[in-house]
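Participant: Below you'll find the structure I mean.
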Amino acid sequence: MEPLTLFIGIIGNVISVLMFLSPAGTFWRIVKNRSTEDFESLPYICTLLNASLWTYYGIIKPGAYLVATVNGFGIVVEIAYVALFLSYAPRKMKVKTGTLVGILNVGFLAAAMGVTWVALEGEGRIDAIGFISSVLNIVMYGSPLAAMKTVVTSKSVEYMPFLLSFFLSLNGGIWTFYAFLTKDLFLGVPNGTGFLLGAAQLIIFAMFRNAKPSTTTALWNTNSTSYGTLEEGGHIEPLISIPDQEIRLIRG
């Protein structure tokens, strides 16, 4: 491996590690509040599947050890995130998250690895896993957009973590350059797309970061049974408290 390629690969690994760790603040909040609130589990489920397939790709492709090592680290981190999500999510989100984990991280991963291992060999196996990983990489880069409905309706970026979007964009850019140096199309296409999607998420974040919360959107706090909230300095205070009996009547 050329010195420049190795250097860019190492930088890419460092940025990827930071990307995997970027949601740590979000999960500290989840643990502290003992609730996942309105955060989505999809980005972490997609990233876990993506890291698993890229680790497999890095193992079976000669000279791709940098890809395998950093994604192996990503598997450990994402498993921890998904486990915390399953621990603190409300029942409905728990069922949704558990179902997606079973389908994607267990069923789909096992099928992809098993079929390609049995039915293909050599370059064919590498190309098949590379293609699948590329498609899922694009899904991973776009998965934070799942929070867009919340961002638009609430006019708040509270549930669209900035660091995750920032490092997804940076990670896409550096690995696109690495793919160009190594002439690896399977790394280049998804990471180039990821760079553009990450940049789009940062633009959306910039558009709504100073926007005032929508006055037409009611924010329900099921723990304090309050209607409407006022944010100041990151602290949320109830505007109007409603007795539990009235809440039950309103909700039917």
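Even glycines carry a Cβ here, placed using N, Cα and C.
Predicted, not measured: the structure shown is a model, and the values here were computed from it.
Among the features that TrEMBL reports, transmembrane segment is placed at 6-30, 42-59, 65-88, 100-120, 126-147, 159-181, 187-208.
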Participant: Within this structure, do the transmembrane segment (187-208) and the transmembrane segment (100-120) have 3 or more Cβ pairs under 8 angstroms, counting pairs 6 or more apart in sequence?
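Facilitator: Not in contact, no.
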Participant: Counting Cβ pairs closer than 8 Å, which of 6-30, 159-181, 187-208 has the most of them with the transmembrane segment (42-59)?
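Facilitator: The stretch with the most close Cβ contacts to the transmembrane segment (42-59) is 6-30.
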Participant: Could you give the residue numbers and ranges of same-chain residues that sit at least 6 residues beyond the transmembrane segment (187-208) on either side and whose C-beta is under 8 angstroms from one of its C-beta atoms?
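Facilitator: Long-range Cβ neighbours of the transmembrane segment (187-208): 67, 133-135, 137-138, 140-142, 144-145, 148, 151-152, 155-157, 160, 162, 165-166, 168-173, 175-176, 178-180.
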